[in-house]
Structure formats: structure tokens, C-alpha cells
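> Reproduced below are the annotations present in TrEMBL:
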ACT_SITE  E80  active site, proton donor
ACT_SITE  D213  active site
DISULFID  C276-C308  disulfide bond
ACT_SITE  E322  active site, proton donor
ACT_SITE  E347  active site
BINDING   T433  Ca(2+) binding site
Amino acid sequence: QMMKHAWDNYKRYAWGLNELKPISKQGHSSNLFGNIQGATIVDALDTLYIMEMKEEFKEAKEWVEKNLDFNVNAEISVFEVNIRFVGGLLSAYYLSGEEVFRKKAVELGEKLLPAFNTPTGIPWALLNIKSGIGRNWPWASGGSSILAEFGTLHLEFVHLSHLSGNPVFAEKVMNIRKVLNRLDKPEGLYPNYLNPSSGQWGQHHVSIGGLGDSFYEYLLKAWLMSDKTDEEGKKMYYDAVQAMQTHLIRKSSGGLTYIAEWKGGLLEHKMGHLTCFAGGMFALGADGAPDDKTGHHIELGAEIARTCHESYDRTSMKLGPEAFRFDGGVEAIATRQNEKYYILRPEVIETYMYMWRLTHDPKYRQWGWEAVEALEKHCRVDGGYSGIRDVYNNHESHDDVQQSFFLSETLKYLYLLFSEDDLLPFEHWVFNTEAHPLPVLHKDNGNKEENQK
């Protein structure tokens, strides 16, 4: 019902545009996608399919066939377009078998290739998909590319090679690993900034939240997606977790485990909502952990889940802030006005879903239901769902954006949290960082994805 409310209103007021403004009841355009349109449609395809919303899926597919156009003269975020558009199209293809999705995914993948034309092959953040000219975000340390952005192409590009028969996509992302493996890591940690020209690190900032997050997720998932044959990805992941445990993971005086940020050797005792995905990641990776550390990784996942639940529970609205701190006598609370907002983000619910599937402890479903009730109470409006400007306030101040990832991730993870484990089982599927399921590439059946529904 939540998906239907979000989708029907998008269709009514913003059809074909990127996102919906549910209060003004009109389209919302983000500069992340340049002039490419239809982000909500492509992001929602697999959710519609999984929820068996067949009519809606059919309309969405027809829109993609007729209207999804990549021949636009505009600068796009390589990372955002990859995780939402390429990921969304790949999943829609693997779930439905409809050829149009495969074709569009490969076409878009080809348009992204010029981003890799740098001296090191580390891609630009921004690309004009008509001219093929790339650049980095002007604010990023010394013209650097960002770890989470160039580190979150691997799953999709391996599948693009698999589906197109063209090895170039996989080669581009394997080269990123080569560059990273040649570099010295400060304390075994990966800084968030890497200069694509010199191949050297920028500022020594490390985060498992924004700017870093999905790089680590993709190391683990690359190994899982390869049917556990990608030993390099596996080693990089477990080594990174080891360094996180030594340098970033801390316990508050009140007993909450959190992941701090590292700035040139100094810790900032703050955790972002984005970092909350890591609970699910640790649990998902527990099974392959070295030296009987499986139980320890599950425990770590459970502790992060608990901390992130506390960040929700300690607000008036029972929805978590964008970032929360562990200093100056506060724990798991946002202390700065510009960190008190909630934009329909999925990461905490994502961790509940993984923890539920891997432990079946009923509290994760209970916590998920608390989030459902809070979303219904505070974010649902006549025209869809809106983010909130201050979760500590008793009165909603809505931001008037229904993010495409609300349909792709937040609602999908909630649905999976309350579904049986055999819907998209982990042994056959990995989720990209936008919650788009991609099949594990089993060694024995290169092309037999049909049996994995």
C-alpha cells in the first residue's frame, strides 16, 4: 500500500520526471542526473516486479521503451546514474527477462565509459554524456575522485560485461583495484579522496559513511557475486574491516558501539545515517570471516543495528537524523541543526533486513514496524511521501521531496523484512547499493539465471 501511494502520486503529478514533490504536487529535478529523466521509474522497476504490481510494472516498462533517452547534452553523476539507472535496468532485466532493459543498460554503460579516460583510469565523478568530457566535484580535496563513487561501479560493470559479451566494462573496474592495491594505505585505511591524475591520495579522511561507505560494501559483494571466487575482493574487504575495528569502531560510555570518522589520525565521534548500512554488511560478511570470527562479525552487525535503532528511538518522530554524535555528553543524538533531517533514507531498515534474515531475531521486525508507523505518521502526505527537516521537533516541517531511493530501497527492504527468506535468497542474489538485486554469477551456469527467481 505504501508503494502504491508513492507510485500513484508520482504517476499523477510527476510522470516521466525524475522525482516527485509530494506537497507542491509537481516534478522535482535533481542535477545528479543531468537531463536524463525518469529516475523514479527506473529505480522502482524491480520493486514493482517483486511486489507483483504487474500493471504498474507494465506501464513503467512501456515508458522505458518509448521515453528513456540517454542522448542528452548534460553533465551527470557517474555514481548516481550507475547505481540507480544501470542498476535498476539490470535488475529489471534479470527479474523479468525483458530484452529492452538489457539493451538500455548496456547502451548507458557505453555512455559512461569516457569517465575512465584519466591518466590512472580512476574515473571522473561528473561526465558530460554527449561530449564525453569529465571532471571532478569542485569541492573534493585537490581535484580528487571519491572512494565511494569510483568504488561503487564494480557489481554493475561486471554484469554489463556478462550481458554484453564485451570485457571492457569489467576491465575498467578491475583496474581501479590495481591502482588501490599499489598504494600505501594509512593504518590500513582507505582515504575518501584519490587524485585520478597523480594516482595519489588526497586528504587523509576516512569514513564508512558518506564518501566511503559503498566502496567497502562492494568489496564484500563482489566476492559474493563471483560465487566466492574473487579472492582479491575478499581479502581487501576483510583487511579493511580489521583496520576499521582497530581505528574507527568505538564504544560509548553508555555501551553503544559506533563507527567514528578519521581525519588525519584524529577521530570525530560522529556517525552518519549512511553509516548504518554497515550493520547489515558486517552480518552478511560474517560467514566468510577469517579464523572463526563469524560470531564476532554477526555480533558487530547486531551492535551497529542497536546503535542505529537508538538514533531513531531518541527522536520525537522515531525517525533517525542524518548524523548523530557521541561527544559532549550526548549519545546517538544529532547536535547540529543541519544534521537533524531525515530524507526517507533506507540504511537503518536495510540493516534490520539483513539482521532478520541472518539471525531471525524478532526484534528486527519489531524495529522495522516502528519505522513503518513513523513513516506513515510523519512522512506520508496526500501527494506521496516527504522527508522531514527536524526529527526532534513535534511538528513536521516537510522538505517536499519523494526521493527515488524511497521506492527502490526503503520500501523494498521493508517488504523483504516481512517476506519469507526464499524471496530473493542471498545465495542467488546480491543487492547493489541502491537495493537492485543482481544474480550471483555461478561458476557452473554462466547464463542460467532463469532458475534463480
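Glycine is no exception: its Cβ is also placed from the backbone N, Cα and C atoms.
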> If one measures from the C-alpha of C276 (disulfide bond) to the C-alpha of T433 (Ca(2+) binding site), what distance in angstrom results, rounded to a whole number?
13
> Go through E80, D213, C276, the listed recorded positions, and name the one with the sparsest Cβ surroundings, counting other Cβ atoms within 10 Å.
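Across E80, D213, C276, these recorded positions, the one with fewest Cβ atoms within 10 Å is E80.
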> Cβ atoms within 10 Å, counted per site: which of C308, E322, E347, T433 has the most, among these recorded positions?
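Output for this query is C308.
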> In whole Å, how far is E347 (active site) from E80 (active site, proton donor) when you measure between their Cα atoms?
16
